[in-house]
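Participant: Please find one structure pasted underneath; my questions will follow.
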């Protein structure tokens with residue numbers, strides 16, 4: 001079920017009404033939300049609901065076992081077993097083809113590859129996200145960040161809760177499970193903020209992302225050799241705007257829906273293209289994933305505690321695996337490698353003792369130069385992220401230097417591009433100002449305003465709703 | 001900024017959401033009706049259709065829907081929309097009209113046999129049926145790429161225009177591969193005439209009779225390369241009668257729609273190259289696609305201006321069944337997307353490389369796109 005669809009609107013309004021009606025009865029409320037989440041997932045393909053159930057049940061049982069014992073060795077073994085099983089499931093569904101083709105590719109260097117008629121499984125929607133939730137549940141209990149006794153119902157709902165199920169944000173068990181233990185407050189619902197988030201999310205996805213995708217990015221990345229420098233450059237910028245609007249749009253809607261249901265999700269994006277360095281970028285882009293990778297991968301690897309060289313290695317490993325998490329392809333590994341390289345170069349740059357470097361970094365213009373550099377470094381990464389093969393990525397980059405007619409710079413495309421990129425510079429006070437105005441209006445007026453906004457978005461958006469980019473991960 | 005009330009109570013939430021729902025129903029009654037019409041046959045549609053219809057009728061006197069459609073056409077007029085049909089309407093009508101699909105032209109089912117001299121397509125309103133021919137799946141038996149007929153060559157200095165038509169079977173993998181390879185063939189130019197999420201089973205959802213001419217704009221393709229039907233494994237309603245997928249009535253009407261689509265593609269003398277749908281991963285879905293292929297093949301193979309290209313022998317295994325992987329230049333590679341439906345770029349390459357080389361054959365002067373004569377017909381497929 002996609003967010004910007006009638007099906008989801010009907011589903012959500014029904015779930016909203018029933019879940020609040022059941023709010024005083026906690027077990028019934030949570031059971032209902034769990035059933036609704038399975039319905040939401042089953043709407044895509046009911047055959048994979050058992051997989052979702054079994055993974056969350058398994059993580060819940062391991063979590064309970066971890067809470068029952070204080071023996072360090074047993075706890076460690078339980079955690080390793082739990083994480084291994086989760087990763088094996090992820091590997092089977094997501095990486096079988098990648099591993100197989102890579103192995104056959106290596107074999108090809110040695111001799112003729114066997115002509116097996118092999119088949120690989122379908123990729124269950126959102127598997128990367130719900131497997132990470134399962135790992136987070138076990139990890140937080142192992143680290144004793146989640147001290148409240150874990151109930152299986154809470155474990156199941158934490159992994160399957162529908163607003164975040166398909167594409168995040170990746171919730172921490174230590175943050176979300178306690179919310180499930182509290183009584184719903186009937187007085188503290190951030191309705192206006194939720195409405196704004198949902199509207200902003202729909203605007204970013206339906207208008208900006210879809211327009212940029214269909215009219216700029218898709219044509220160029222399908223056949224880059226047919227386009228020239230300006231079109232190709234616009235398409236690269238366009239993809240930067242598209243992926244931001246698509247993914248942050250999804251999470252805005254997810255956060256807004258959860259808010260209306262009385263739950264709080266962490267912020268997932270914070271104007272990422274305003275970042276002046278790679279470290280800051282990852283503090284602003286897909287925050288729930290970057291902090292997950294930091295806490296469950298980078299720090300366990302040793303983080304920056306084992307010397308400079310080891311820090312660089314840990315950064316590279318973390319970002320390479322982060323790249324692989326996004327997709328089972330060497331282009332994603334390349335993207336991750338670039339991000340790791342940027343982080344290493346930035347650390348070297350920060351540590352550079354040269355007075356000239358220090359002077360440059362303290363100049364007034366430097367933040368804007370750095371912002372520009374950072375943005376283009378990110379864009380280079382997006383070329384590999386978007387292109388299905390290295391050859392195509394190379395063609396895209398090569399065509400940047402070719403001269404020819406500009407064919408795709410229609411005014412709606414340029415407008416969407418400008419809004420998608422520079423909208424991130426809108427001061428937060430604007431949003432607060434709108435929220436303040438809404439708080440002074442009669443509540444029914446806000447509801448009507450939301451309906452008008454949705455109507456306008458429906459009119460302005462291209463026909464048909466493309467799936468969210470992050471659904472494939 | 002002054003402090004403001006961040007939180008609302010449950011009753012305020014109920015009032016806001018209630019107002020939203022009411023206003024949305026009022027504004028979107030037309031959109032909801034369209035949505036309900038587009039749903040696949042089943043419980044959801046059975047419930048939604050009467051509700052949406054009643055709402056749409058009740059609110060029609062408010063003319064909100066007319067305003068909505070006018071706005072869409074105006075948006076096309078100022079260049080915001082790239083919807084070809086809305087754009088065509090904006091260019092041709094000062095007063096926008098209702099975007100209702102015209103009735104599908106009933107076409108004959110007694111189509112002329114291949115390689116006959118018939119030029120004009122007979123269009124007779126009849127409900128008779130032709131025998132649906134099985135599609136040979138064996139690569140050595142299928143009319144695949146190995147049996148492509150001779151076509152007129154392109155005159156020196158001229159280009160051949162090829163329309164890429166169809167649904168996501170053309171949009172995903174196939175079109176991008178063709179357009180990438182196109183840079184090797186300067187004498188071929190391409191027109192985009194495909195759209196994902198469409199098909200021939202549900203003209204009320206996407207009416208190819210309206211949209212295809214708008215997609216072509218001024219172009220007059222010499223050839224049309226079409227891959228369509230992946231979304232057609234579903235029932236439909238016509239004249240208030242429900243036709244479950246695969247029923248006799250369904251086959252008859254679907255065949256009529258395929259014929260009408262083919263007739264439209266062949267207008268102005270274009271030769272249609274119809275790519276059969278490849279075998280699918282899911283057995284249930286594959287069986288549906290096999291029926292669609294059989295119907296398509298029956299229609300296409302009977303046309304003197306159309307060429308059927310079976311793809312099962314290329315991207316399927318030795319028996320024409322689904323396979324995920326295959327070898328290209330000695331390297332094992334994935335031939336299909338992870339959905340088990342669409343072709344990967346490599347899978348599409350198996351089909352397009354030879355097709356484009358065949359289409360780009362040059363040096364003999366290009367024949368005039370006039371009514372086909374008997375003499376020309378002998379060189380036609």
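A Cβ is built for glycine as well, from the same backbone N, Cα and C atoms used for every other residue.
As the structure is a computational prediction, the values presented were derived from the model and not from experiment.
According to TrEMBL, the record shows the following:
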TRANSMEM  A:6-22  transmembrane segment
TRANSMEM  A:50-66  transmembrane segment
TRANSMEM  A:78-95  transmembrane segment
TRANSMEM  A:115-138  transmembrane segment
TRANSMEM  A:150-171  transmembrane segment
TRANSMEM  A:334-352  transmembrane segment
TRANSMEM  A:364-385  transmembrane segment
TRANSMEM  A:405-422  transmembrane segment
TRANSMEM  A:443-470  transmembrane segment
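Walk me through the surroundings of each of these features.
Facilitator: Same-chain residues lying 6 or more positions outside the transmembrane segment (A:6-22) and placing a CB less than 8 Å from one of its CB atoms are 28-29, 32-33, 36, 39-40, 43, 162, 184, 186, 257, 260-262.
Within its own chain, the transmembrane segment (A:78-95) has Cβ neighbours under 8 Å at 51, 55, 58-59, 62, 65-66, 69, 121-124, 127-128, 131, 134-135, 138-139, 142, 324, 328, counting only residues six or more beyond its boundaries.
Panel annotation: around the transmembrane segment (A:115-138), residues 41, 44-45, 48, 51-52, 55-56, 58-60, 62-63, 66, 78-79, 82-83, 86-87, 89-90, 92-94, 96-97, 100, 146, 150, 155, 158-160, 164-168, 170-173, 177, 289, 292, 296, 325-326, 471-473 of the same chain, lying at least six beyond its termini, place a Cβ under 8 Å from a Cβ of the stretch.
With a cut-off of 8 Å between Cβ atoms, the residues of this chain six or more beyond the transmembrane segment (A:150-171) that come close are 15, 27, 30-31, 33-34, 36-38, 40-41, 52-53, 55-57, 59-61, 63-64, 67, 125-126, 129-130, 132-134, 136-137, 141, 177, 180-181, 247, 250-251, 253-255, 257-258, 261, 263, 265-268, 286-289, 292, 468, 470-471, 473.
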